[in-house]
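Since the structure comes first, as structure tokens, the remarks are kept for the end.
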């Protein structure tokens, strides 16, 4: 079926035919019938998360249940050894640094700050996503296959603290954090900025990208809904089952699973996930498995949404990653139906014959990045195909994590769900983000299953018996510690080289455990090896097994042993006596030590705490500066001693290594060592500290990992309400060539800015008032170059551009400074300054104190938001507005833009129960037309819910349970009054003798539409008389015909003659007007049929225009288009026979009434059409095109006339 034109050509979900061609001979599968139809595509759900979304960088940290920092390591792999660490992650309960053991239930906790919001994530393992015994299979180009256990131990679900019922989280921590965080009004994507950097997490944490998706745009309205979704009928399923034959019987019988059934409320979709090479190449072989697990974790979370109304788990039992060649053979570019057919057949061939096999799947999901359909097509699937051996499959275009909605949508089709708004009444839920919308508009913060999806699922779900078994209820055998215990050397040879290969036995001089040598029985002396030993545990001799390349007796002490942490040591001494230091404790992985390939301990081997946070007596001391000064006498650079000053490296990763700057040369030199533990990481952050070469985030509250910060004037967690802005301008005139004192800046000043008002040749100078040392431009040591430098424990930025100087620092100043000017000439000097300071530290003239917008205004409670529900228990939040402190007047919120907005307070509201909404209808509006065929009446139909305060409100129509009253109806559907319109008379039907003429007569309205005419209809046919025809002979091959009616009495009803009591209503047939038939008036049935012609009231020659009056009664234009003979009173039979001559050719008139005619008492008998030979000369007949109106209601007569006309040559009849 071609897609509809216009906007619908975007392929919302076109119904396309799946034409299953015969398979290749090796498949041994009969093709399903061509009538099987599949549901097609869905539009993309907005592209990858980054498109159209806000994004920030964030560094999540791992915490305990109370939100206290445990480690910067967030990846499960980081502390372990690859796959082995992942496999054992859930068993490890004491591997967390900081003494915070992992929750016994395997729960994890993370802190994350996104867009100004602090989130505390509480996660639990998603233990029901990957089935026990599940595998991942890599298929190579040469046909070789590598199978590995599928491990899902790094998949988690959970919620956000403080929003347990209004949030959901689905993350993986295989390699950083990746997945979704969904809250009431927002949703976030998170993924590592760069993959494969888990080894760097322990140093300074792992940088992640967090996307915030904007609201999904409202779709354009569709003028007419189109039912584009058509599923497979039951007949098609039956025919497909018959086509599968014996194979089908075997599969159907095998559905009686013997595993323990799940509870009646639980359904498990065991999934085979097929992935083609385009997906593998895009994500990379080393990352694709983690990505697939994260994607399916999100799909599983979508099916856990309570709006679905059912408990459905999506369980992975097998992943197959296809080779490039196989991927190209399955997907046909631009042909979605053939591509889906190929995928479904491929999935069928992957099915395990034993239903008890742990890889037996109920449903196949295939992911590709190839364009299998038109642009924009994202998915393709059958409807109601679940549990079917061939049709339980979907084809999906993979395009990032948002493809989870495409997978959920297409699997919904297989479960029996239709598109919302197409064939159901849920089109109004499309814009709300319903999963089954024709264009997928669901977003991670606003998705739901519509009420129609819930109803359609409940209609079919109980019939899907394959979803009843529980894959987690097996008593699965424990995996052997040594894999070779289950595979002999012969089996390993077959794996390596193919069927028939066995261990080489031609030579017995080598140790079989050194290298695996294989040969084929056809050539036993030709041995091959892949230069690798057999698997550990492979039997090599009676009672002996291969281990580490040796054939030995296996004893418990040589088997693999995993390591475990020992006890913590006591905390050591503090690294500093004041100014906040750190102290450590350690532990060893010796309880027991890992051995024989066992996994090492996960987590950090040390833990630390802050100590001695009190300020040092010397407030001007700079711990980093002291460390540089210690090397003045010991560290020579360029064979010269230097005075070393502190330097902050531009690279954040190097800031916990000691770099110093030469006071003499300005060179920056690495001291080849780390700074002491407890040194501030940066002069821009007064609290974060270096610990063993790593910068550890510390909040202003002294808590490790805390995000709490100071406001602009140093109040921890403050809102700038106690900040004052001080500014001023000082102007001096040089009177001598000596320092000119301008002003002083007090200790505690922050965000200091000093600059020249005009361009001058003077030099700015700054001196520490307490020590008397210059920190910028001494008189005998001027440096006019722009630069950054560290002095008095803070970083300064000095700029000299076009002889206009500027000096600024974030601060805070630990002591008072004096600002001076070194004059050059006698030009007046003007300096301006501006800084912020806490109001309690203010000791300046009030004239210099200013209050900016951030100080003069504050956020204030404005009102409570409307309750989210009018009944049944809703919630409302505080709404804040910007208020001016001076007069408490509410102003525009822009004045408070620099202030942190308080968090909204939530409270419950409207707890009373809701009443059932009912349908309320309005009055019918006047009809749109007074007559015709388009008249309509409309009225309003609303779903109204009575409220507790004797008011009502309009609610969504889905809340009203009863049948919705009609809102439109037809009215005044009758023909409009018209007038008869007659056309011109046609040419006489003969050239001599008596013939007929016709003309069209139509009843039309003023606007030329069909109408109803109440006046008598003008005649449409009349007799024309021309000169008598000559009686000479004619061509015997030419024949004319006359119709002869033969009737016999009806034995059940006596013949009734026409009497005066039976008033003649006019002729009932067009043949009555032909004079040659007048001889049949003696027959009662014919006399009654042609009562007017057989009993003329006056001479026809005296009739006006020589015509015959039409029968009385009203005739409308509908008669013209539906001409017919009177009722079925005559049967016909063609039989040529001689008869009386015809004076006019047989012609069907168009004046046929539509009124019902009373039946006669005559029983139909065949009548005959007799040939009239050599009586009418051929030039007498005028050939003409049969009228469009030549029809009869008597089907037998019409068929007879048509048959005669076909037999004769054109122009003869």
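Here the Cβ of each residue, glycine as well, is placed from N, Cα and C on the backbone.
Residue 410 (active site) carries a helical DSSP state (H, G or I). Cβ neighbours within 10 Å of residue 410 (active site), excluding its own Cβ and spanning all shown chains: 27. Under the heading active site, Swiss-Prot lists 410, citing sequence analysis as support.
Summarising the annotation, Swiss-Prot assigns compositional bias 'Pro residues' to 214-223.
For 344-393 (among others), the entry in Swiss-Prot reads disulfide bond. For residue 344 (disulfide bond), the same-chain residues that are 6 or more apart in sequence and have a Cβ closer than 8 Å to its Cβ are 364, 390, 391, 393. According to its DSSP assignment, residue 344 (disulfide bond) is helical.
Under the heading disulfide bond, Swiss-Prot lists 387-466 (among others), citing similarity to another entry as support.
Feature annotation from Swiss-Prot assigns disulfide bond to 426-452 (among others). Counting every protein chain shown, 23 other Cβ atoms lie within 10 Å of the Cβ of residue 452 (disulfide bond).
Every protein chain considered, the tally of other Cβ atoms within 10 Å of the Cβ of residue 493 (disulfide bond) stands at 24. Taken from Swiss-Prot, the feature disulfide bond applies to 493-518 (among others), supported by similarity to another entry.
Note on residue 504 (disulfide bond): other Cβ atoms within 10 Å of its Cβ, all shown chains, come to 22. Here Swiss-Prot flags 504-527 (among others) as disulfide bond.
Sequence annotations record features per position, and here Swiss-Prot assigns disulfide bond to 513-546 (among others) based on similarity to another entry. For residue 513 (disulfide bond), applying a Cβ distance below 8 Å and a minimum sequence separation of six or more within one chain yields 533, 534, 538, 540, 546, 547, 549, 550, 551. Secondary structure at residue 513 (disulfide bond), taken from DSSP and collapsed to helix, strand or coil, is coil.
As annotated by Swiss-Prot, disulfide bond applies to 540-551 (among others), with the evidence given as similarity to another entry. According to DSSP, residue 551 (disulfide bond) sits within a strand segment.
Residues or ranges marked as disulfide bond in Swiss-Prot (evidence: similarity to another entry): 574-611 (among others). Applying an 8 A CB threshold to same-chain residues 6+ apart, the list for residue 574 (disulfide bond) reads 581, 582, 583, 611, 612, 678.
DSSP gives residue 578 (disulfide bond) a coil state; it is part of no helix or strand. Per Swiss-Prot, disulfide bond is recorded for 578-616 (among others).
For residue 589 (disulfide bond), applying a Cβ distance below 8 Å and a minimum sequence separation of six or more within one chain yields 563, 564, 565, 566, 600, 601, 605. DSSP classifies residue 589 (disulfide bond) as coil under the three-state reduction. Among the features that Swiss-Prot reports, disulfide bond is placed at 589-601 (among others).
Annotation note: residue 992 (disulfide bond) sits in a coil segment as assigned by DSSP. The disulfide bond feature in Swiss-Prot is assigned to 992-1029 (among others).
DSSP gives residue 1013 (disulfide bond) a coil state; it is part of no helix or strand. Annotation comment: Swiss-Prot describes 1003-1013 (among others) as disulfide bond.
Under the heading domain 'Peptidase M12B', Swiss-Prot lists 267-471, citing sequence analysis as support.
For 855-913, the entry in Swiss-Prot reads domain 'TSP type-1 2', with the evidence type sequence analysis.
Cβ packing within 10 Å was compared across the disulfide-bonded residues 527, 546, and the lowest neighbour count falls to 527.
Put simply, residue 518 (disulfide bond) is 98 Å from residue 1003 (disulfide bond) when counted between their Cα atoms. Cα of residue 387 (disulfide bond) to Cα of residue 950 (N-linked glycosylation site): a span of 52 Å.
Ranking the recorded positions 111, 410, 466, 578, 616 by the distance of their Cα atoms from the Cα of residue 994 (N-linked glycosylation site) places 410 first. Between the CA atoms of residue 1029 (disulfide bond) and residue 466 (disulfide bond) there is a gap of 90 Å, rounded to the nearest whole number. The disulfide-bonded residues examined here are 387, 426, 601; by Cβ neighbour count within 10 Å, the least packed of them is 387.
Taking all protein chains in view, 17 other C-beta atoms sit within 10 angstroms of the C-beta of residue 551 (disulfide bond). Per-residue confidence over the domain 'TSP type-1 3' (915-975) averages 90 (mean pLDDT, predicted model). Following the DSSP three-state reduction, the secondary structure of residue 426 (disulfide bond) is coil. Between the CA atoms of residue 992 (disulfide bond) and residue 1013 (disulfide bond) there is a gap of 37 Å, rounded to the nearest whole number. In sequence order, 493, 496, 497, 501, 502, 503, 504, 527, 528, 529 constitute the residues six or more apart from residue 518 (disulfide bond) in its chain with CB-CB distances below 8 Å. For residue 950 (N-linked glycosylation site), the nearest neighbour among the listed recorded positions (410, 426, 466, 578, 616), judged by C-alpha distance, is 426.
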